[in-house]
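What follows is a single structure, written as structure tokens, with notes after it.
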Amino acid sequence: MKQPEEAKPTLIDSCADFSADISHIKSMEHSYSCRGTMSCLALLAALCLGAAVVARGQLTDDFYDGCCPQADDIVKNRVSAAMKAEPRMGASLLRLHFHDCFVNGCDGSILLDGSNSEKLAGPNLNSARGFEVVDAIKADLEKECPGVVSCADVLALAAKYGVLLSGGPDYDVLLGRRDGLVANQSGANSNLPSPFDAISVIIKKFTDVGLNTNDVVVLSGGHTIGRARCALFSNRLSNFSSTSSVDPTLDSSLASSLQTLCQGGDGNQTAALDAGSADAFDNHYFQNLVSQKGLLSSDQGLFSGAGANATKALVQLYSANSERFLCDFRRSMVKMGNISPLTGSAGQIRNNCRAVN
């Protein structure tokens, strides 16, 4: 199945000016020995500012190498600790990055508190998780290199390690985003794909941010880890239509177990998005779709029904070829992380991810 051409994410492989800036500031650091009016921390901040100017709106995979080389390890260690306490946290951090990028671009706006917070939007209320983990990562980074690493980049790195530590693929995260100054609750309500949306609507929402149909399917594969509340799929379990009590595209044995789980509850009970492989990042999610065991209607819709014309073949491909899924997932994650980032002098580096400076 031939896919449309897709824009490649912007990536700097090498930059002579950037390297020159690094060498210059490092020599300054040596000369000053971090004394006097220019501290090591000021030099590090200046180095990243210089990188942002040289990048001219582009993200790089080595953005913090000179100014906060510990950033990657700091994020990895915090995510690892959080996932040892709760394996589900990897999926929650992946979802935060996804929900951030679809609203205002990848600018960390989902992390802001306030009356217009994206946290209070329908798709995030009582379901977006991991904010305390992000807070802990940011606190560690501010101790090590204050004012340098953006909250938007924290989300991108945390998502990477949420995937990797769940057994998923490694990939180079492009960095250099800056943080937005405003949240967009109405945008979160309208722009985020919903589990109740038709596949055609979901494809349109992806297209609106520069992603294509292949990205829809492969990024939906992120549901190979994580859980969903009964409120998001109970409509498939009873009074589904005038001709069927239960969604006919839902496996009957799975439907029965889900009815037992959700019956009499408040809608906040949770079930694994990938039954049979809940905490392992693999292609089992797609195998479930082929067997009519997708939990959300937006999941099963990728394979079943008239709306699946553009996606069914890809589900079959990924269900049979794990390596292809993992390879394409890496590419789509980098592409998604490149949705309208703030760079250069735009936005700011928030000291606290929950509030503007």
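Heads up, the Cβ atoms here are built off N, Cα and C, so glycines get one too.
What TrEMBL lists as active site, proton acceptor is His99. Within the same chain, residues at least 6 positions away in sequence whose Cβ sits under 8 Å from that of His99 (active site, proton acceptor) are Ile110, Glu118, Pro123, Asn124, Ala128, Ala188, Leu192.
There are 27 other Cβ atoms within 10 Å of the Cβ belonging to Glu118 (Ca(2+) 1 binding site). If you look up TrEMBL, you'll see Asp100, Val103, Gly105, Asp107, Ser109, Glu118 marked as Ca(2+) 1 binding site.
What TrEMBL records for Pro193 is substrate binding site. The Cβ of Pro193 (substrate binding site) has Phe102, Val201, Ile202, Lys205, Phe206, Ser298 as same-chain neighbours under 8 Å, each 6 or more residues away in sequence.
Residues annotated as heme b binding site in TrEMBL: His223. In sequence order, Leu273, Asp274, Tyr285, Leu295, Leu296, Asp299 make up the list of same-chain residues 6 or more apart from His223 (heme b binding site) whose Cβ falls under 8 Å from its Cβ.
Within 10 Å of the C-beta of Asp282 (Ca(2+) 2 binding site) we count 18 further C-beta atoms, all protein chains included. Here TrEMBL flags Thr224, Asp274, Asp282 as Ca(2+) 2 binding site.
Residue environment of Cys68 (disulfide bond) contains 23 other Cβ atoms, counted within 10 Å of its Cβ in all protein chains. Look at TrEMBL and you will find Cys68-Cys145 (among others) tagged as disulfide bond.
Feature annotation from TrEMBL assigns disulfide bond to Cys101-Cys106 (among others). For Cys101 (disulfide bond), the same-chain residues 6+ apart in sequence whose C-beta sits under 8 angstroms from its C-beta are Val209, Met336, Gly337, Ile339.
Annotated disulfide bond per TrEMBL: Cys151-Cys353 (among others), in sequence order. For Cys353 (disulfide bond), the Cβ neighbour count at a 10 Å cut-off comes to 22, with all displayed protein chains included.
Its own atom aside, the Cβ of Cys230 (disulfide bond) has 20 Cβ atoms within 10 angstroms in the protein chains shown. The disulfide bond feature in TrEMBL is assigned to Cys230-Cys262 (among others).
According to TrEMBL, the feature domain 'Plant heme peroxidase family profile' maps to 58-357.
Long-range Cβ neighbours of Arg95 (site 'Transition state stabilizer') (same chain, at least 6 residues apart, Cβ-Cβ under 8 Å): Ala128, Arg129, Gly130, Gly222, Gly226. Taken from TrEMBL, the feature site 'Transition state stabilizer' applies to Arg95.
Of all Cβ atoms in the protein chains displayed, 29 besides its own lie within 10 Å of the Cβ of Cys151 (disulfide bond). Cα of Cys145 (disulfide bond) to Cα of Cys353 (disulfide bond): a distance of 15 Å.
On its own chain, Asp107 (Ca(2+) 1 binding site) has Asp100, Ala152, Arg177, Arg178, Asp179, Gly180, Ser340, Pro341, Leu342, Gly347 as residues at least 6 apart in sequence with a Cβ closer than 8 Å to its own Cβ.
Ser109 (Ca(2+) 1 binding site) and Cys353 (disulfide bond) have their C-alpha atoms 9 Å apart, to the nearest angstrom. Within 8 Å of the Cβ centroid of the Ca(2+) 1 site, not counting the listed residues Asp100, Val103, Gly105, Asp107, Ser109, Glu118, the chain contributes His99, Cys101, Phe102, Asn104, Cys106, Gly108, Ile110, Gly180, Ala183, Asn184, Gly187, Ala188. Cys262 (disulfide bond) counts 21 other C-beta atoms within 10 Å of its own C-beta, drawing on all protein chains shown.
Here Cys262 (disulfide bond) is compared against the binding-site residues Val103, Gly105, Thr224, Asp282, and the shortest C-alpha distance is to Thr224.
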